[in-house]
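Trainee: Positions annotated as active site, proton acceptor by TrEMBL: Asp37. Under the heading active site, proton donor, TrEMBL lists Asp203. Annotation source TrEMBL lists substrate binding site at Ser10, His76, Gly174, Phe175, Gly176, Gly177, Gly205, Gly225, Ser226. Annotation comment: TrEMBL describes His35, Asp37, His76, Asp203 as divalent metal cation binding site.
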Amino acid sequence: MAPKAIIAPSILSADFADLGAACSRTIEQGADWLHVDIMDGHFVPNLTFGPPVVAKIRSHVDRPTEGHGKGTFDCHMMIAEPKKWVKEFKAAGCDLYCFHYEAAVNSSAAESPEAHSDLKTSPRELIRYIHQQGMLAGIAIKPATKAEVLYEVLDSADEAERPDMVLVMTVEPGFGGQKFMASELPKVQALRERYPELNIEVDGGLGPGTIDQAADAGANVIVAGSAVFGAQDPAGVIALLREAVDKRGGKL
Ligand SMILES: O=C(CO)[C@@H](O)[C@H](O)COP(=O)(O)O
C-alpha cells in the first residue's frame, strides 16, 4: 500500500508580509508540512529567502515530534550549491532538506578536486551528509530529468545514502501559479511501481482540478501553493487533496 497523504502547502504563495501567521494558520487548517521554496537566482531565475527568514517562521510553527510528522519544514532547495547550505538550514529549523539531482551532479562534475573540495559532492554523499546533520533528505528532479537517474540512490544498500523522499517537479521550478504538466506523471507511476513505500512528492500546478491525476499515478506528498493560499476555504482544499490521495492508497 502507498504511504498516506502528506499535504505540504508551498508558502511561496503566502503573504510574505504576514509569513509567520500564514504558516501557523495553514497548519491549523490541516496542513501536515510546510513546503519552503528556497531559490538562489542561479539554479532558477528567481530569488526567495534564506536561513534568517526560515528561522523566524520556524518560531511560529511547532517542530514535528517524530520523523516527518506535523509541522515538518520541507525545504525545497532550488540552489546551485546544495551542500554549502546544509548546516545553515539545519540551524534555521529545516527538517527535510530536498536538493536537486541536477545541482548535485553539476557541482560534482564541475569542481576540480583541488577547488572547493569541501563542497564537492555526489547525490549519495550529499544524502549521507544531510542525514549526518540530523535532517531527512529529499532529492528532486526537473521535468527534463528522467526518473531512472534516481534508481542509483534509491537502490543503495546503505540506508544512510537512501533518500527519505523524492520530488518529481510538475512545472519548471522557479515560480508559483504555473500550469500542471501531466507529462511528468509517468515518472511518478514508474517510481511508485518500483518503490511502493516511498514518499513521492509532486510540486507545481496541484489543486482540486489536477489532484486526481497525481494521486492515480501514485503521488502521496502534495505541494500546493496558489490552490491553498488563494482559496476562499483553504481548509476545504487541504481536506480535498488529502482525501483524493488516501482513497487511492489501497489500490496502488
Ligand atoms: O517549487 C515551486 C516552484 O518552483 C512550487 O513549490 C510552487 O510554489 C508551487 O506553486 P503552485 O503551482 O502550487 O502555485
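Glycine is no exception: its Cβ is also placed from the backbone N, Cα and C atoms.
Remember, predicted model here, so these are calculated numbers, not experimental data.
Describe the structural context of each listed feature in the structure shown, including burial, neighbouring residues and relevant distances.
Mentor: Taking Cβ-Cβ distances under 8 Å and a sequence separation of 6 or more, the neighbours of Asp37 (active site, proton acceptor) in its chain are Ser10, Ile11, Leu12, Thr48, His76, Met78, Gly176. For the recorded site, Asp37 (active site, proton acceptor), the DSSP three-state label reads strand.
Asp203 (active site, proton donor) carries a strand DSSP state (E or B).
In the structure as shown, the Cβ atom of Ser226 (substrate binding site) sits within 10 Å of 17 other Cβ atoms.
All chains included, 27 other C-beta atoms sit within 10 angstroms of the C-beta of His76 (divalent metal cation binding site).
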Trainee: What's the number of neighbouring CB atoms sitting within 10 A of the CB on Asp203 (active site, proton donor)?
Mentor: 27
Trainee: Is it possible to get the count of other C-beta atoms within 10 angstroms of the C-beta of Gly176 (substrate binding site)?
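Mentor: Within a 10 Å radius of the Cβ of Gly176 (substrate binding site) lie 22 other Cβ atoms.
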Trainee: What does DSSP say about Ser226 (substrate binding site): helix, strand or coil?
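Mentor: Note: Ser226 (substrate binding site) is helical by DSSP.
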Trainee: Can you list the residues of the same chain, besides Ser10, His76, Gly174, Phe175, Gly176, Gly177, Gly205, Gly225, Ser226, whose Cβ falls within 8 Å of the substrate site's Cβ centroid?
Mentor: Leu12, Ser13, Asp37, Val171, Gln178, Asp203, Gly204
Trainee: Could you round the CA separation between Ser226 (substrate binding site) and Asp203 (active site, proton donor) to a whole angstrom and send it over?
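Mentor: That comes out at 11 Å between the alpha carbons.
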